[in-house]
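A.B. asks: Quick one: the structure is below, and I'll ask about it shortly.
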Amino acid sequence: MSNQHILLTSNLLPVGSNISTWWNFGSMLLTCLILQITTGFFLAIHYTANINLAFSSVIHITRDVPHGWIMQNLHAIGASMFFICIYIHIARGLYYGLYLNKEVWLSGTALLILLMATAFFGYVLPWGQMSFWAATVITNLLTAIPYLGSALTTWLWGGFSINDPTLTRFFALHFILPFTIISMSSIHIILLHNEGSNNPLGTNPDIDKIPFHPYHSYKDMLMITIMITFMLLILSFSPDLMNDPENYSKANPLITPQHIKPEWYFLFAYGILRSIPNKLGGTLALFMSIAILMTAPFTHTSYTRSMSFRPLTQTMFWILIATFITITWTATKPVEPPFISISQVTSIIYFSFFIINPLLGWVENKLSTLNN
C-alpha cells in the first residue's frame, strides 16, 4: 500500500508540506459561515419582518434581549470579516494560479455571488435609512434590462415600490440563502479534494506531503483564533466601526440621504457602477466586475502557474489590489470631481488586468525561452 493510502486509512488527509498562511482563509471562511448562521438564528427569533416594526425590533434586540447586542454586533462584524477573508481568498487564488482548477474556481465564484446576494438582503432588514435607499437604488437597476426590466422590478418588490412585501421576501431569502451557501461550500470542498490543494510554488504537491493533522490543523486553529480575537476586540471597543451612521435613523421614503452607498464590501462594485453615466452600461459593468473572475482559467497563457516567479504579472496583480482599494475609497465620496475621474480611470485599470494578464503571460513565455 502506498504512503498516501496509509495516510488516508489513518484518517490523516495528505497535504503539501509547503502551503503557507494564505491557505488558512478557507477554514476561516467556514468559521465565519458557522458564526453567521448561529448569530443569525438567534436574531431571527426576535426580528419582525414588518416595515413598521423591523427597526424597533432591532433596537429591542440590542437593548432588551439578554446578550442581544453581542449577537447583533457579532452578526454585523462577522459579515465584514466574511468579506475580508473571501477577498483575500480570491486574491490568493489569482496570485498562485489556483484558478486553473476550473471546477473549484467556478464554484467559488458562484459562492461569491450567493454571498453578495445574502449580504445585500441582510443589509435591508434593519429598515434604517441607508438600508431602504440602498435597496431602492440597487433593485432599481433591474429596470435597465430591456423589455423585462420593469416587470422584473415590480415582481421583486411585490408592488410598485419597496414596501412590506419586499421586506418579507428579503427576510425569507436572507434566511434560506446561507443554507444554499452551505451546500455550495460542500461542493466546493469536494471538488477541491478531488485534486488536492496546490502550493505557493505551483509544483506537483504529490512529491512531498504531510498529514493535515496536526501540522496544518493547528495552523488553521491559530488563524481562526486570531480572527475571532480581532472580531471580539472590534465588538468590545468599536462595535459601530463598519456601520453607516445614516442607518441609525428609521427608513423614511420622503427624505433622501445626501450620499447613498451600500456596505463597504460592495463599494468596489458600486464604484464601477457609478463611474459609468449610462444606466444599462453601469449595470452590466457591476455584474461583470464579479463575473469577469470566471474568465481567469480560460485566459491563462503562462507556462508557470504561480505569479511567484513572474515579476511582470506580479506588478499587474499589485496594481489590481491598489485599484480595488482606490475604487472602494472613491465610492464613499460624493459624485463630483475629481472622484468621478478617479473612479473611471480605476474601473478601466480593474478590467484591463484580466485583458493584459494573458498578454503578459505570452511575453514571459518568450523571455523564458530566450533565457534558455
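Glycine is treated like the rest: Cβ placed from N, Cα and C.
Under the heading transmembrane segment, Swiss-Prot lists 25-45, 69-90, 105-125, 170-190, 218-238, 280-300, 312-332, 339-358, citing similarity to another entry as support. If you look up Swiss-Prot, you'll see HIS75, HIS174 marked as heme b b562 binding site, on the strength of similarity to another entry. Per Swiss-Prot, heme b b566 binding site is recorded for HIS89, HIS188, and the stated evidence type is similarity to another entry. According to Swiss-Prot, the ubiquinone binding site annotation covers HIS193.
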A.B. asks: How big is the Cα-to-Cα gap, in Å, between HIS188 (heme b b566 binding site) and HIS75 (heme b b562 binding site)?
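C.D. replies: Between the alpha carbons of HIS188 (heme b b566 binding site) and HIS75 (heme b b562 binding site) there are 24 Å.
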A.B. asks: The residue listed as 'ubiquinone binding site' to HIS174 (heme b b562 binding site): how many Å between their Cα atoms?
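C.D. replies: Per the Cα atoms, the residue listed as 'ubiquinone binding site' and HIS174 (heme b b562 binding site) stand 29 Å apart.
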A.B. asks: Same-chain Cβ contacts of the transmembrane segment (25-45) under 8 Å, 6 or more residues past its ends?
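C.D. replies: Result: 61, 71-72, 74-75, 78-79, 81-82, 85-86, 88-89, 92, 175, 178, 181-182, 185, 189, 220, 223-224, 227-228.
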A.B. asks: What's the number of neighbouring CB atoms sitting within 10 A of the CB on HIS75 (heme b b562 binding site)?
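C.D. replies: Result for HIS75 (heme b b562 binding site): 19 neighbouring Cβ atoms inside 10 Å.
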A.B. asks: Ranking 69-90, 105-125, 170-190, 280-300, 339-358 by Cβ pairs under 8 Å to the transmembrane segment (218-238), which is first?
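C.D. replies: By Cβ pairs under 8 Å, 69-90 leads among 69-90, 105-125, 170-190, 280-300, 339-358.
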A.B. asks: Taking 69-90, 105-125, 170-190 as candidates, which has the most Cβ pairs under 8 Å with the transmembrane segment (280-300)?
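C.D. replies: Checked against 69-90, 105-125, 170-190; highest Cβ contact count belongs to 105-125.
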A.B. asks: Let me check the 10 A CB neighbour count of the residue listed as 'ubiquinone binding site'. How many other CB atoms are there?
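C.D. replies: Summing over all protein chains shown, the residue listed as 'ubiquinone binding site' has 12 other Cβ atoms within 10 Å.
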A.B. asks: Report the listed stretch (69-90, 170-190, 339-358) having the maximum count of Cβ pairs within less than 8 Å of the transmembrane segment (105-125).
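C.D. replies: The stretch with the most contacts is 170-190.
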A.B. asks: Around HIS174 (heme b b562 binding site), how many other CB atoms lie within 10 A of its CB?
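C.D. replies: I get 22 for this one.
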A.B. asks: Taking just the CA atoms, what is the gap between HIS174 (heme b b562 binding site) and HIS89 (heme b b566 binding site) in Å?
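C.D. replies: That separation, Cα to Cα, works out to 23 Å.
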A.B. asks: Could you round the CA separation between HIS75 (heme b b562 binding site) and HIS89 (heme b b566 binding site) to a whole angstrom and send it over?
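C.D. replies: Checking the Cα atoms of HIS75 (heme b b562 binding site) and HIS89 (heme b b566 binding site) gives a distance of 21 Å.
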